[in-house]
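Written below as structure tokens is the structure these notes are about.
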Amino acid sequence: MPDTDLLALQVDHVGILQQRYEQALSDHNFDSLLISSGAAPVRYADDQSWHFQGYGPFLHWTGLAGFEHAWLLIRKGRKPLLTLHQPVDFWHANLELEPEPWLDALELRYSESTTAPELDDCSRLAVIGDPALLDTLPGEHNPAELCAALDETRVHKTAYEIACLAHANERALAGHRAAREAFLAGASEFDINLAYQRATRQREADAPYPSIIGLNEHAGTLHYQYYDTAAPAHPRSLLIDAGVRYRGYCSDITRTTAGTGEGRFASLVLGLEKLQRRLCDMVAPGVEYVEIHRKTHLGIATLLSASGLVSDLSAEDMVSAGITRAFFPHGIGHFLGVQVHDVAGKPVPPPADAPFLRLMRTLEPGMVVTIEPGLYFIPSLLEPLLAGPLGQHIDRSLLGELQGCGGIRIEDNVVVTRNGNRNLTREAEI
Ligand code: GLY
Ligand code: MN
Ligand code: MN
């Protein structure tokens, strides 16, 4: 059982959500809200289902990622009603709830049926969740403006949520340490994944996202999704981007390790790490997140010059000519919470110079973001550059040497505090 402080914070969390939800409901002319946890669809022409992970608003309230066909009914001035599906079934087990204090703030019922609870006394009802499960229900389904307001209730994390995110970081770092040791001992991607799962006590399907574990060139595929069962003859680099889900909350951490004898790559990793720490230090209230993204490009340009990969161009020219985009094609990060790419990040679309940026907001206390600069050697992005007039500025032989290391990404999870920031990943690393 978690410590009593966390359990007390969870009771406060439920109270805060009751207030936030009641406000959102009344702002949008609703009195009651039914949230479906969801259910895993059966695969086409098969009798097997996809692995289930619950719907965001349901997780926001309950943290229960594995409960299918559960329902949460929110009504003004009344305890939330949580209905859990518990069939009599000799094929599958039913998940059990720990008797924790937050459950006293709710009314809890069990149902053998998958259908929603009685809604007779619900006026002005909204129902949210996977539309495939809502067909027969009354009320307004997934009203867009209410859904946007509910997403907004997830932007400023409660103290309970931050404690869960901190714990998810601690747990994931145990996995990252094990993964690094396995790599340095010569393990394959498959075996590094097993080491990560063993250390985190988490089966992969329950992780917030499929772990990205790339050796050598594979480190240059941003979301590399396979695991070679054999180790390469010359292990040159490991990029592992992997998290843990704790009570519904996700960590999202990336580390890159240079193999033995990879001096040039190791110094680039060190350079990117220094840049990444400076970018984390920028996290503070009032900062435009897109400005951290833009600073990243200037930092990458400086690193490209210092390493000799690009010469005779200023940092600003490298950015404006698109050279840094070829080495760092993704955004600097995103919101983090019960979803790894948490909601409400883009009240406005990203600008043309940052098309993949997932977060376009001014930072405020309580927000939790990732900071994840990368520097990759991706043939499909570099080849057009090398073939054009900018190719003369790029050291092809050095690039050729480094290409087999794939790339680097370093990613931490950072809370915006009242005066600056709290880096949940670094504090757990010590
Ligand atoms: N792990 C996916 C991401 O970093 O956004
Ligand atoms: Mn990641
Ligand atoms: Mn991320």
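The backbone N, Cα and C atoms fix where each Cβ goes, and this holds for glycine too.
Remark: Asp252 (Mn(2+) 2 binding site) has Pro208, Tyr209, Asp241, Gly243, Leu336, Val340, Thr370, Glu372, Glu411, Asn413 as non-local neighbours, by Cβ distance under 8 Å and separation of at least 6 in sequence. Secondary structure at Asp252 (Mn(2+) 2 binding site), as computed by DSSP, is coil. The annotation Mn(2+) 2 binding site is assigned in TrEMBL to Asp241, Asp252, Glu411.
Feature annotation from TrEMBL assigns Mn(2+) 1 binding site to Asp252, His334, Glu372, Glu411.
Here the domain 'Xaa-Pro dipeptidase N-terminal' (12-149) is broken down by DSSP into helix, strand and coil counts: 37 helix, 28 strand, 73 coil. The annotation domain 'Xaa-Pro dipeptidase N-terminal' is assigned in TrEMBL to 12-149.
As a whole-number mean, the pLDDT of the domain 'Peptidase M24' (164-417) in this prediction is 98. The domain 'Peptidase M24' feature in TrEMBL is assigned to 164-417.
Taking each of the binding-site residues Asp241, Glu372, Glu411 in turn and counting other Cβ atoms within 10 Å of its Cβ gives the largest count for Asp241. Cβ proximity to the Mn(2+) 1 site centre (mean Cβ of Asp252, His334, Glu372, Glu411, cutoff 8 Å) flags the following additional same-chain residues: Asp241, Ile253, Thr254, Gly333, Leu336, Val340, Thr370, Ile371, Asp412, Asn413.
Using a 10 Å Cβ-Cβ cutoff, His334 (Mn(2+) 1 binding site) registers 21 neighbours.
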